[in-house]
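Chemist: Before we start, here is the structure in question, set down as structure tokens.
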């Protein structure tokens with residue numbers, strides 16, 4: 001078999017793909033500037049290139065060494081990927097409507113559902129800690145201005161009034177199944 005470590009091989013390809021995509025988007029959509037006077041696309045382009053180079057090293061290293069069955073990829077957990085990405089998207093969508101405190105709690109608790117070692121006590125403890133940490137860093141430390149508390153229902157857009165409750169109910173059902181399955 002040519003591929004000695006499947007995990008590294010597929011991870012490396014993912015790094016190459018993501019890095020190339022970020023570099024391409026930065027190069028096409030933002031002013032690059034120069035190394036002396038960097039534009040807004042310079043740093044993302046550089047990071048994308050570095051990620052692609054790192055991916056190439058990881059992919060090439062997966063072709064060397066001895067074959068090990070422990071590094072085989074038997075299946076891919078799409079549901080876990082969707083939970084994590086969905087949590088991040090829901091956080092971004094709910095931030096203006098539910099405020100930072102509730103949005104961070106939703107992000108942490110829903111994304112923790114992706115763990116195979118899920119514990120609701122740890123998820124809630126992490127949520128409380130990260131709410132405090134986000135408040136300390138972003139509101140107090142950096143002085144960023146964004147809503148920390150929920151906006152009144154009347155200020156929500158129509159799609160937010162439909163999408164957010166449905167997403168929260170779906171997340172709560174998944175949460176309930178995880179907690180019930182853990183007992």
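The backbone N, Cα and C atoms fix where each Cβ goes, and this holds for glycine too.
Automatic, uncurated: that is what TrEMBL annotation is.
In case it's useful when we look at the structure, here is the feature table from TrEMBL:
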DOMAIN    10-147  domain 'DUF1468'
TRANSMEM  12-30  transmembrane segment
TRANSMEM  42-60  transmembrane segment
TRANSMEM  80-110  transmembrane segment
TRANSMEM  122-146  transmembrane segment
TRANSMEM  158-176  transmembrane segment
Chemist: The transmembrane segment (122-146) and the transmembrane segment (80-110): do they have three or more Cβ pairs under 8 Å, with pairs 6 or more apart in sequence?
Modeler: yes
Chemist: Average the per-residue pLDDT over the domain 'DUF1468' (10-147) and send me the rounded value.
Modeler: 89
Chemist: Could you tell me how many residues in the domain 'DUF1468' (10-147) are helical, how many are strand and how many are coil under DSSP?
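Modeler: Result for the domain 'DUF1468' (10-147), in helix, strand, coil order: 100 helix, 2 strand, 36 coil.
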